Amino acid sequence: MSTGNYNNDDWQPPNDKKGQSTTHDPLNDDPALSNISLTTENDGNMSRLQQHPIPPYTGDTTVVSNNPFDDKLPDPIDNNKNKKSDNGAEVTAETLSDDEDTYTSTHKTPVLSQHARFPDATNSHGNDSVQDDTGMRRLRWGTQRFGNGKPKVGRAKTLKWAKQNFQKNIANPFVEEFLGHDDSDLTGESKNRSNETRNIYYNMELPPEMLNDEGKPKIDYPRNKIRTTKYTPITFIPKNLSFQFKNIANVYFLVMNILGAFPIFGVTNPGLASVPLIVIVCITAIKDAIEDSRRTILDLEVNNTPTHILNGIENYNVSEDNVSLWRKFKKANSRLLFSAFRYCKSHLSKSGRAKLLRERHKQELHALNDNFNIPRNSFDSMASFRDSAQYDEDDDQYQQNYAQRDQNIIDPHMPMRTDCKFAKNYWKNVKVGDIIRIHMNDEIPADIVLLSTSDPDGGCYVETKNLDGETNLKIRQALKCSSRIRNSRDITRTSFWIESEGPHPNLYSYQGNLKWMERDQYGAADPLTKNEPISINNTLLRGCTLRNTKWAMGIVIFTGDDTKIMLNAGATPTKKSRISRELNWSVILNFFLLFILCFVSGIVNGVYYRRKNDSRTYFEFGTVVKTPAANGVVSFFVAVILYQSLVPISLYISVEIIKTAQAAFIYGDVLMYNEKLDYPCTPKSWNISDDVGQVEYIFSDKTGTLTQNVMEFKKCTINGVSYGRAYTEALAGLRKRQGIDVEREGMVERKAIAEDKQSMLETLETKLGKNSQFFAEDVTFISKKFVEDLLGASGDYQKNCNEHFMLTLALCHTVLTEPSKENPAKLELKAQSPDEAALVGTARDMGFSFLNRTKHGVIVEVLGVQKEFEILNVLEFNSTRKRMSCIVKLPPRELGGDPRALLICKGADSVIYSRLSKTANDETLLEKTALHLEQFATEGLRTLCLAQRELPWNQYLEWNKKHDLAAASLKNREEEMEKVADEVEQDLILLGGTAIEDRLQDGVPESIALLSEAGVKLWVLTGDKVETAINIGFSCNLLGNNMELLVVKCSGDDVDETQNPSVLVNDLIEKYLSEKFGMRGSEEELERAKKEHSVPTGEFGVIIDGQALKLALIGPDISRKFLLLCKNCKAVLCCRVSPAQKAAVVKLVKNSLDVMTLAIGDGSNDVAMIQSADVGVGIAGEEGRQAVMSSDYAIGQFRYLTRLVLVHGRWSYKRLSEMIPCFFYKNVIFTLALFWYGIYDNFDGSYLFEYTYLTFYNLAFTSLPIIFLGILDQDVSDVVSVLVPQLFRCGILRSEWTISKFWGYMLDGVYQSIICFFFPYLLYYRTGFVSGNGLDLQQRYWVGIAVTAISVISCNSYIFLHQYRWDWFTFFWVCISILFFIGWTGIWTSFVKSGEFYKSGKHFFGSPVFWAVLFVGVLFCLLPRMTYDVFQKMFWPKDIDIIRECWKRGEFDQYPVGYDPTDPNRHHISSYSMKQIADIESEHGNFDHDFSEHIDATSISNIANPFEPAIPEDGKERKHTMSAAGDEVEEIPLDFVGNYHNGNESNDKQYTTMTRDYHNPRKSLGNANRTSLDITRENMMRNNELDQRMSIERARTSLELPGITRADDLLSKK
């Protein structure tokens, strides 16, 4: 066993004396029993709680009819006087001693079957209830999942099964289950090491096969210390230098500096010449270090987080002395540094000296006590004088009783060790094989197998928001064999080993086995090898948080980089912007130009040295080299050094300065500051801001990114009466598409809702009794009518109905409560689902407050009176059942009779309607409820139904026996329990329905609308189910009511399960491509798609689930077809996708279409997607920090992304696109002037300019104007940028930075270099330069002053003319740069050290000829470009030119500074004047020539406020109706698949919904074929019981998708 992998042939468990294996595990020996789930109680006692029955209910009970509202739930026990519940005192982890399993020092280890949270009652009652011995029974199905996260019923195969079958050439499920793709780089297969199985031993020595020759473990597990930084102190210098010298220009200048060090090349000052490169490298390194230091700080915080590790038991899995020399050195330095710090603090500070004295005094007291042998008090941490054998005997008997009941890894024959304690330590010191204990509200430090918890049933609750962004609680179950471990003494009496799969990034899959040797009670017989399989439900993953469980204990299986959260995070990539990458090509072109110039120089100089009898013969004393050819070679390299500024090194440092300033502006933008979180937009990568301005595709998570992951109860229907007022985002989107001014309508609605809320709150506080849990700020259900009906305004019958409905919400749930940290009097609801918390919270707000759970049921405060309800059974919700139920015990109808059982069931509306009684329900009530649910769903609300069924007591007893048998079944347990639950959840009576809003983040619909108008395509990649994603799609207006949804799936009611799923998905994609877009999915079509960047015109949207997506990415052909299908659709929703699939989709789009991508998310499951995209954005909300740590930009809300992209991203892109070619242009002017001078000196390397000019030209003379252009230039203001989002399309089209633009500026530079050199030269050639007193000014450096002056002034003026923003600040720096040149020349030439340059400034600037040639030269340099720009703006204006003209004319003055259309608190702006737009159109003509790709006339008409509808010229608002074609919806019967390959055309069913005039329902419905539902709908609309503003026909529906509820569909299920 050299690699840590094990094989059944190589290793066997310990054998008995006869050499035969003693493994007798029924769960593994019988293949039929290997699918047993551990999430369900495996024994017959579903809840091992010591039970104490409650006395029978007292009070009046009304005999009722079949109508459910004739009878309320029974009046239960008044618990105000004799209720006994837990003390809610809050304590910390430090108060929990090692021998205790609760937080109070008085509660020791609970006795058999005692629940840790609900202490045993002291009294008992003589009730012959069936619950006398079992109490409340809770069926924890726990959602079982496939490897891709899709729920299933059943149990994953154990690791032993896998190992046995791998030898039979069966595919490894660990690999196939999660990846399913050949491209390892695309799907992350390289991270999947599940086949690298490992054995982890506790309290056992490793087998010899796992040890090396030195007796140490062969396997070296990674440390738990994580590092998300790019660099370490050791690797920073080499790694950063390596990254910097990937820039070809840096390599070039390094070579130039090396050449300049040789005297043969004539460099005047090689040291000074190397300064620019050194400065650039140092500044860039400092910037990278600052960027990385923030990650380092976060890493230190995480690595030094405290946890509790068991000390005293040797961990044989790791080698303690396997510490590198570098780590030893760091540890020694750290100890020395901290010791010095502590010494200084304790001896030099006043508080330190006082603390030191107290410690000395304490030590003296302890020494004194030891001398007198005084026993310690109870607060001491060590054991007291009590004999240890005493509790050993008790504990032995305690464990033996357990061992007789079931399998137990605690060995009563092993000695108990009192020296082993849990000690506080740091995360970074956690090792594989360690036993750790986590306390409530602590994060899990590593991936662990859950051994035991504070709950006797071994359950615990975890919050996984750091992993998947979900704040709802999830149940995890301890292993059965170890669940009785209560403290450190128990764990020391165990020894076991774990056979585990290797690390892989799948968050929903884990397989392993825990094995131990079990002896009989007396230890006489040979031990047997026992085994219990481990699944993902028995593990706690790093990053999760323990909730509502006082402690949990586990053994570490994966640490550090092997944990799932780190495998999903991956290494932090080093990203480089597109312009920076393309800049290297521009540099290469300049190299080519440089080579031509140097080659010409070398040839000319070599030929020149072949000539004889020249002046050179008389004035030179030979050459360095002997031959003309060698002179030509030397001249070539001299020219390379002379013209080196043609490749500007200062360009890179200027770009770094600009990007750093842009990052600072982004960070300081107060409009992207989230006040609630106190978090600004934080750039973490400073060098990709220009990429943000080119984004074409945005990939977004849903939960926590588009939504707040907060559910709010908005509406309900009770007894056919609808309650609640809300103006949802989906309703606003629907009304907007109908042509309604949603801002004005929303303002009116919100004002009315606020008034209703105020009135309702006053009534709740004064007239409905005292509610201890009423907090006005938490109320989300606004209905003044409901509160009035609670007081009897609509009669006692409706009052009873409402009370009964709210009471059922307060009873039927699995919510837990805990005191709030901010307000201890307030109980916070902790639920497995945020929907359930919203339901219970609304019942609490209405006076039915759930307070706590007891062993028998729940305590509810009903209108100010605390009452306890006995819950007999709880059948929990999972995604397969789509419902949950509880059974409440009712008192007998008559004295001495049998009690009754009331089943309360809540679930999806379609599920509940299919289980309703066909005779006991009022048909009209069903129709009204269905129509209300239909309306709720149209508004984007999540609907739920409640129903009940009363069971006679004997029927309940009979069912309960079946329930117990199913719960105790060892074969197909889930299936058996589902059958039993299905049997009782029938013949229900409908109570009503609820409507919950999945709250979007503020401004999400407006942000998506703006991004869509800008040409950005938004794809939603979520792990949520399909119906949830569709609801959010409508709410945020990603999906429209006239959009046809194309569903790609491989499972469902209308899918032929016998078909090959791969063929099914491929045929679906081909069908949609062919019928909707006339495409075949060929490579030629993909090449054409790369050049097409416009927004899709067809009203289509793609919906695909994780299973189908896995198949759609499995090969190049099908992935290409899938990509083309999605590209031609306006919306794409990928549901139930894994983190690797998210990254795969991003890479597919980025690499195949060559577009700029941005990914945004908030959880650890989004990290792979964020790092795969060109730009990664993390939401720094309440859903964890992993996405923020791995992102390039961190923002507080999704709406800030709009400003980041449309404002800062576009500005950055346009600035750099203008700054970089201008930089090349200004260097070409100066460098080519030297080349033109070489014509007259035979290219011998002589300088035209004084050497300081060469240094200061890029450093001071021309640097500041171009840097400020890149930092401050704005074509339009930020307000106009978001009001006219079409301006962003220039970045998508990449029209601002092109190779043609680069060559245009280069040619302009060549032309101006000719002017700069030859104008002074020609003046000198004819007349020469002469001062006023006749002094000759014909020295070459003096002529260089004129050339430099023309170059500097024309260059700075050229840059200033190309700036959009002219203000005093930019003009000031242009003037400063020019004056610096004049000032430097005057000052430097006044010193004798300037040599032959002495007094040149005084004489030259005093010559009128200089000023004349300067004026003419600058004029001729700028005239051609100015002429072109004027003609272009006058006759061929771009879109930005037209918008700037509108802006300058004051067309946007009505918008205040900082106006943000996505801000929910923005000021209302009046409609834009259409007359002004008409004037612009008449003045400039049609915009189609430029706006065909950018801004069309329709977009211009809504410039002022894109969220307000256009108003006709007559000023009257017109209603818009939807055409029948607009509502066309395709059903997806998948029977076409079988005939598709035969060339037969599929006969797909289509239906067209009829547009109805709901203001005249009789006209719309007519008298023919009117159903009962139509009549009910007509009557309800006539009586204003339905909202006439919307209908299901006016909203997008699809029968194959559960996104929208239809009343006729619900009734058809009945």
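Note: Cβ is positioned from N, Cα and C throughout, glycine not excepted.
Pulled from TrEMBL, these are the features on record:
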COMPBIAS  1-10  compositional bias 'Polar residues'
REGION    1-134  region 'Disordered'
COMPBIAS  34-50  compositional bias 'Polar residues'
COMPBIAS  59-68  compositional bias 'Polar residues'
COMPBIAS  69-87  compositional bias 'Basic and acidic residues'
COMPBIAS  103-112  compositional bias 'Polar residues'
BINDING   Asp701, Thr703, Asp1162, Asp1166  Mg(2+) binding site
BINDING   Asp701, Lys702, Thr703, Glu836, Phe877, Lys906, Arg942, Thr1022, Gly1023, Asp1024, Arg1136, Lys1142, Asn1165, Asp1166  ATP binding site
ACT_SITE  Asp701  active site, 4-aspartylphosphate intermediate
Which listed residue (Asp701, Asp1162, Asp1166) has most other Cβ within 10 Å, given these are binding-site residues: Asp1166
Local Cβ density at Thr703 (Mg(2+) binding site) - other Cβ atoms counted within 10 Å: 28
Recorded ATP site residues Asp701, Lys702, Thr703, Glu836, Phe877, Lys906, Arg942, Thr1022, Gly1023, Asp1024, Arg1136, Lys1142, Asn1165, Asp1166, farthest C-alpha pair in Å: 33
Distance [Cα-Cα, Å, rounded] between Asp701 (Mg(2+) binding site) and Arg1136 (ATP binding site): 11
Winner by Cβ contact number (other Cβ atoms within 10 Å) across the binding-site residues Gly1023, Arg1136, Asn1165: Asn1165
Alpha-carbon spacing, Asp1166 (Mg(2+) binding site) to Gly1023 (ATP binding site), which is rounded to whole Å: 10
Integer Å distance between the CA atoms belonging to Arg1136 (ATP binding site) and Asp1162 (Mg(2+) binding site): 17
Cα distance (Å, whole number) from Thr703 (Mg(2+) binding site) to Asn1165 (ATP binding site): 11
